[in-house]
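**Student:** Can you read through this structure? Questions will come right after.
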Amino acid sequence: MALTCLRPLLRYRSFAILFLTPLLLLPLPLAVATREARCAYIIIIMAVFWCTEVIPLAVTSLMPVVFFPLLGVRSSKSVCLQYLNDTNMLFVGGLIVAISVEQWNLHKRIALKVLLILGVKPALLMLGFMIVTAFLSMWISNTATTAMMVPIVQAVLDQMNNTEYDVSMMEQAIGQTNTVIELEEKSTSDSTAVHVVSNGQVPDDPRSSEENKMRKRICKGMTLCVCYAASIGGTATLTGTGPNIVLKGQMNQLYPNNNDVVNFASWFGFAFPNMILMLVLAWIWLQCCFMGLNFKKSWGCGTERTAKEKAAYNVLKAEMKKLGPISYAEFNVLLMFVLLVLLWFSRHPGFVKGWAATLFPEGEKYITDSAPAVFVALLLFILPAHKPKFIAWNPNMSDPEQAEEDIKKPFLSAPLLDWNVVQRKMPWSIVLLLGGGFALADASAATSVKIHPLYVMLPSTLSASFAFMLPVATPPNAIVFSYGHIRVLDMVRSGIVMNIIGVFCVTLAVNTWGRPMFELDTFPTWANSTVNH
């Protein structure tokens, strides 16, 4: 009865949140007439709007541009600068390179190649899916990686199931034939046997239901491993996922003289071992949860490939064959990708002088990770997608029409990346969302508790990516759930242990190799110089 009465009110939910939230919070800036209170007023309203999504997240992110200047919190100039700062340019440059990798299917080629190398035994197949997904998530978005990998997993599982069904039907047919022959031979001595034959029925194999349950469990494990590996893999690089970018931006915003303590190389050195540890533990847990630790079945120790495994291998080979040989464009994108990674790692390695300080005066001061990201992104709009054609000054006149066509063609073909593609695939809403967060950080008053800021910020950043329990927690979880193999309860059961594994790994990482790497036991001098706006 109560629900029936409340149902009409739900129509006005968005309207109520949108207009009542600012009104109910209005006493805060009126009663406490300070800039901090006015800033808190906008922050709380934005938090409510973000949580309820009464308006799009990106639109909520634009509120500081309007209300901070109106309330005298920050000037329009200083607020607007936060929406395309150094960290956001790093994010944009990295995403453009990721879009080029997706555009030319380089990520799919890498995925299939690794899976063919590792093999198709159940445990190795799951490990292969997880390694590929985690690696790709380090460089392209977790959502794009999951959306690309799940259909491959689905195709492999479908082929394995179809092959198993065909083999089972064949074995059942052979078994029925053998049973009939045996019963006919005994018909002279045993009259009851004739009755069994005349019914034409053979008792069902009791193993079939167990095999069906096992097949469903394997299917759940294989699909879940993709979304888990995507979330874990994204933490390994600075541009791999949103929370990492936010950390970089907050460090630069709150501690502008931090000596570039968080850069691509230092973050990778800290987060990559944690990713490996979590990936291994996640793989072991999924094995225990869905497949069981049967080494003979899962690993195939001392056994030949079954029909299912051969079918799965053939699917992967067929998908690889569809891609054909590596194209000129793919090779160029691969070169650009490798170049970017090398530039990121060697800019400021920490143990030796990087190229920024060696090649450019005061390079360490002026050059950040955004410079190589945007440089490689620019090259993608310049380098041709097809091999340039060199035509002789005196072309062969045997085919004048062809010669005329060749002369008309431009020397350089279309570039590797087209702006229309970038405009379509670039998540501009995330860029605005990050900008809104940086604007809030810029406006807040910064306080110090005399502990290293990274001692709190590192675990918060990593933990934000480890949401494994519900379909709505992350886009990869939602994509996997949408395929219908997994129930919410399945995700909760396996995800709660994954969350515990995440807490354990993050705590271990911060308190072991993270301490000497970032000198977490000392309170840095650059944190003392934080400006209290």
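Counting starts with 1 at the first residue shown.
Placed from the backbone N, Cα and C atoms, the Cβ positions cover glycine too.
Predicted automatically and left uncurated, TrEMBL annotations should be read as such.
Sharing the features that TrEMBL gives for it:
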type: TRANSMEM; residues: 41-71; note: transmembrane segment
type: TRANSMEM; residues: 110-140; note: transmembrane segment
type: TRANSMEM; residues: 223-247; note: transmembrane segment
type: TRANSMEM; residues: 267-286; note: transmembrane segment
type: TRANSMEM; residues: 326-346; note: transmembrane segment
type: TRANSMEM; residues: 366-383; note: transmembrane segment
type: TRANSMEM; residues: 426-446; note: transmembrane segment
type: TRANSMEM; residues: 466-484; note: transmembrane segment
type: TRANSMEM; residues: 496-514; note: transmembrane segment
**Student:** State the residues, same chain only, that lie 6 or more residues beyond the ends of the transmembrane segment (366-383) and have a CB under 8 A from a CB inside it; answer 'none' if no residue qualifies.
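**Tutor:** Contacts of the transmembrane segment (366-383) (Cβ under 8 Å, skipping residues fewer than 6 from its ends): 86-87, 89-90, 92-94, 96-97, 100, 238-239, 260, 263-264, 332-333, 336, 339-340, 343-344, 347, 356, 360, 415-417, 419.
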**Student:** With an 8 Å cut-off on Cβ pairs and a sequence gap of 6 or more, do the transmembrane segment (223-247) and the transmembrane segment (426-446) reach 3 or more such pairs?
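**Tutor:** These two stretches do touch.
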**Student:** Any chance you could find the range in 110-140, 267-286, 426-446, 496-514 with the most Cβ pairs under 8 Å to the transmembrane segment (41-71)?
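**Tutor:** Answer is 426-446, with the largest number of Cβ pairs below 8 Å.
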**Student:** Hey, which of 110-140, 267-286, 426-446, 466-484 has the most Cβ-Cβ pairs under 8 Å against the transmembrane segment (496-514)?
**Tutor:** 267-286
**Student:** For the transmembrane segment (110-140), could you work out the same-chain residues 6 or more beyond its ends whose Cβ comes under 8 Å from its Cβ atoms?
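**Tutor:** Tertiary neighbours of the transmembrane segment (110-140) are 94, 97-98, 101-102, 146, 148-149, 152-153, 156, 218, 221-222, 225-226, 228-234, 236-237, 239-241, 275, 279, 282-283, 286-287, 291, 297-300, 305, 309, 312-313, 316-317, 319-320, 323, 337.
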**Student:** Using a Cβ cut-off under 8 Å, which residues of the same chain at least 6 positions beyond either end of the transmembrane segment (267-286) come close to it?
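**Tutor:** For the transmembrane segment (267-286), the nonlocal Cβ contacts are 126-127, 130-131, 134, 221, 224-225, 228-229, 232-233, 235-238, 244, 248, 345, 458, 462, 466, 494, 497-498, 501-502, 505-506, 508-509, 513-514, 517-518.
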